[in-house]
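Since the structure comes first, as C-alpha cells, the remarks are kept for the end.
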Amino acid sequence: MSAEEELLQLRPRDVEIAAAKDTKSTAADESTIAPKPKEQWGNEIEFLFSCISLSVGLGNIWRFPYIAFQNGGGAFVIPYLIVLLIIGRPVYYLEIILGQFSGRGCIKAFNMTPIMKGVAAGQVLATGASITYYSSIMALTLRFLIASFSKVLPWSYCREEWGDRCLNETTSAAANDSTMSSLVNEQRAKMSPAELYFQKEILHEQDDIFNGLGTPNWELVGCLAVAWCIIGGVLIRGVKSSGKAAYFLGVFPYVVLIVLLLRAVTLPGAMDGIIYFFKPQWSELLNPLVWYAAVTQVFFSLAICFGTLITYASYNNFSRNVYNDIVIITTMDSCSSIIAGCITFGILGNLAFKTGAPDVASVVKGGAGLAFISYPDAIAKFEFIPQVSAVRLAWAPALYV
C-alpha cells in the first residue's frame with residue numbers, strides 16, 4: 001500500500017478528532033461568552049444602605065470620640081474634616097469605581113495590575129484583623145445589652161465594694177447646694193458609677209498583674225461567640241442576606257443617636273463639654289500627631305483601603321452612577337462623627353460639672369472605653385424607663401459591625 005493510500009485511510013479519523021476539538025472549543029467559547037449571571041444587589045438602595053452601615057459605624061460612634069478626646073477636641077475636628085475631603089472622599093470614589101468596573105472582589109480586581117496583588121492580599125489580612133477586633137467590641141455591647149434588662153441599671157448607682165472611689169450623684173447634688181466648695185477636691189478624685197462599672201464589672205480590670213492576668217471571663221467569652229454567630233448569620237447568603245439586613249442596620253442606629261443627643265444637650269454642664277469639642281486649640285494644628293490621628297480616623301470610619309468597598313461595588317450594575325451615593329455616604333459619615341462627638345463631650349461636660357473638675361479633659365480616663373462610659377452614663381439619667389433606651393443603645397454599635 002502506497003503512502004498516499006495510507007493517508008487517505010487515516011484522514012477520516014483526523015477529521016473526527018478535529019471536529020471533536022472544534023466542538024469542545026465552541027462549547028468553551030460559549031461558556032466564556034455567556035457565563036452564569038453574577039449575583040447583584042436587589043436594588044440600588046441596598047447598596048447605598050450597605051455602604052452606610054459599613055462606613056458609618058464603630059469608627060464614628062466608638063472610635064471618633066476618644067480619638068478626638070486624646071487630640072484636643074476641636075483641634076482634631078478641623079484636620080479630620082480637611083483629610084475627609086482631600087483624601088477620604090477621593091479614595092472612597094476610587095475603590096467604588098474599581099470594584100464596579102472590574103465586577104470582581106478585591107483580590108481579582110487587581111489582576112489588571114499584577115504588581116499590586118500584594119496590596120489586595122494585605123487588604124484581606126487587614127479586614128480579617130479588624131473584624132476580630134470589632135467583634136470583641138461587639139461582645140462588650142452585647143454584655144451591656146444583657147445588663148440593660150436589669151430592674152435597676154447596674155451602672156446607675158454605687159456599690160459597696162467600690163468604696164469611696166465612686167461618686168454618689170444624689171449625695172453630691174444635695175451637698176452642692178450647701179457646701180460645694182468644701183467637696184470639690186474630694187469629688188475630683190472620684191469616678192462615676194458608669195466608669196467603675198465598666199472597669200470592674202465588665203472588663204474586670206486588676207490594679208496590678210502580680211497575681212497574673214486571671215482566667216477568661218465566661219460572660220465575655222459567651223458574648224464573643226454570639227457576636228461571631230450574628231456576623232455569620234448576616235453573611236451566610238452573601239449580598240442577598242446582607243442587603244436586606246442593611247435596611248435596618250443603616251437606619252436604626254441614627255434613631256438611637258438622635259435620642260442620645262437630645263438627652264445629652266439637656267444635662268447641666270453639657271454645653272461646656274460641647275464647646276470644648278468644637279473650640280480648636282490652634283497650637284495643636286501644628287502637631288503632626290494630630291494630623292496623623294485624623295488620617296487614621298478617616299480610614300477607619302470610611303472603611304477605605306480594606307477591600308470591602310471593592311467587593312460591595314462589584315455587585316453593582318456596570319453603568320450605575322455612584323457619585324451621588326458617595327457624596328451621601330461620606331457626608332453622613334462626617335455628620336455621624338460630629339453627632340457622636342457632641343454626645344460624648346456633652347456627657348463629659350456634665351461629669352465635669354458634677355465632680356467640679358477644672359476642665360473636660362481631666363474628668364475621665366481616655367481611651368477605647370470612653371464610649372462605654374459616657375453613653376451608659378447618659379442612659380442612666382433617663383427618668384422614664386431607662387432600660388428601653390439602654391437596650392437600644394446596646395444594639396446600635398453592635399449592629400454596625
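A Cβ is built for glycine as well, from the same backbone N, Cα and C atoms used for every other residue.
According to TrEMBL:
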- VAL56, ASN60, SER301: Na(+) binding site (BINDING)
- 76-98: transmembrane segment (TRANSMEM)
- 119-146: transmembrane segment (TRANSMEM)
- 218-239: transmembrane segment (TRANSMEM)
- 251-278: transmembrane segment (TRANSMEM)
- 290-314: transmembrane segment (TRANSMEM)
- 326-348: transmembrane segment (TRANSMEM)
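For the transmembrane segment (290-314), the most Cβ-contacting stretch among 76-98, 218-239, 251-278 is 76-98 (pairs under 8 Å). Distant neighbours of the transmembrane segment (76-98): 55, 64, 67-68, 109, 277-278, 280, 284-285, 290-291, 293-295, 297-299, 302, 304-305, 309-310, 312-313, 322-323, 325-327, 329-330, 333-334, 337-338, 341; these residues of the same chain sit at least 6 beyond its ends, with a Cβ under 8 Å from one of its Cβ atoms. Apart from VAL56, ASN60, SER301, the Na(+) site neighbourhood in this chain, defined by C-beta within 8 angstroms of the site C-beta centre, holds SER55, GLY57, LEU58, GLY59, ILE61, PHE64, LEU302, ASP333, SER334, SER336, SER337, ALA340. Of all Cβ atoms in the shown protein chains, 28 besides its own fall within 10 Å of the Cβ of ASN60 (Na(+) binding site). If one looks beyond the transmembrane segment (326-348) by at least 6 residues along the same chain, the residues whose Cβ comes under 8 Å of a Cβ in the stretch are 48, 51-52, 55-56, 60-61, 64-66, 68-69, 73, 77, 80-81, 84, 88-89, 92-93, 96, 254, 257-258, 260-261, 264-265, 267, 270-271, 273-274, 276-277, 301-302, 360, 363-364, 370-371, 374-375, 377-378.
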